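Participant: Feature table excerpt (Swiss-Prot):
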type: BINDING; residues: His44; note: divalent metal cation binding site
type: BINDING; residues: Lys52, Asn61, Arg70; note: substrate binding site
Amino acid sequence: IRILTPAVEAMKAQGMDVYGPCPPDTVFMQCNEDMYDIVVAMYHDQGHIPLKLLGFYDGVNITAGLPFLRTSADHGTAFNIAWTGKANPESMAISIDMAMKITRE
């Protein structure tokens, strides 16, 4: 709270439409109900659990704080179905599309 609240206030001062910090046990459902456009999670597991529940096949993981853009499909490698013809590439395609959209903005 001592770091997040001043960061949110600084973004508001720059004209950004932001809200928070929010309790993680409710914010993802609120986002799913279109109260927010995006949720920034402070921890990997805190963000992945609801993202996988709400959008396993179309969720995109965006890693912040790197010197390069990193997006990935929001599921594992599924070695158990590798080379069986069962894998669905759609979430990887969505991840690539998101990376291209971000680089254009």
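Each residue, glycine too, has its Cβ placed from N, Cα and C.
Since this is a predicted model, take the numbers as computed values, not measurements.
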Participant: Which state, by DSSP, holds Asn61 (substrate binding site): helix, strand or coil?
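Facilitator: Strand, per DSSP.
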Participant: Checking the spread of the substrate site as listed (Lys52, Asn61, Arg70): what is the longest Cα-Cα distance, in whole Å?
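Facilitator: If we measure all Cα pairs in Lys52, Asn61, Arg70, the largest is 18 Å.
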Participant: Looking only at Cβ atoms, how many others are within 10 Å of the one on Asn61 (substrate binding site)?
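Facilitator: Other Cβ atoms found within 10 Å: 17.
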Participant: So among Lys52, Asn61, Arg70, all listed as binding-site residues, which is physically nearest to His44 (divalent metal cation binding site)? Use the C-alpha atoms.
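Facilitator: Result: the closest of the binding-site residues to His44 (divalent metal cation binding site) is Asn61.
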Participant: Within the chain of Lys52 (substrate binding site), which residues six or more apart in sequence place their C-beta under 8 angstroms from its C-beta?
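Facilitator: The answer is Gly59, Asp74, His75.
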Participant: List, in sequence order, the same-chain residues at least six positions removed whose CB sits under 8 Å from that of Arg70 (substrate binding site)?
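Facilitator: Those within reach of Arg70 (substrate binding site), by Cβ under 8 Å and sequence separation of 6 or more, are Ile62, Thr63.
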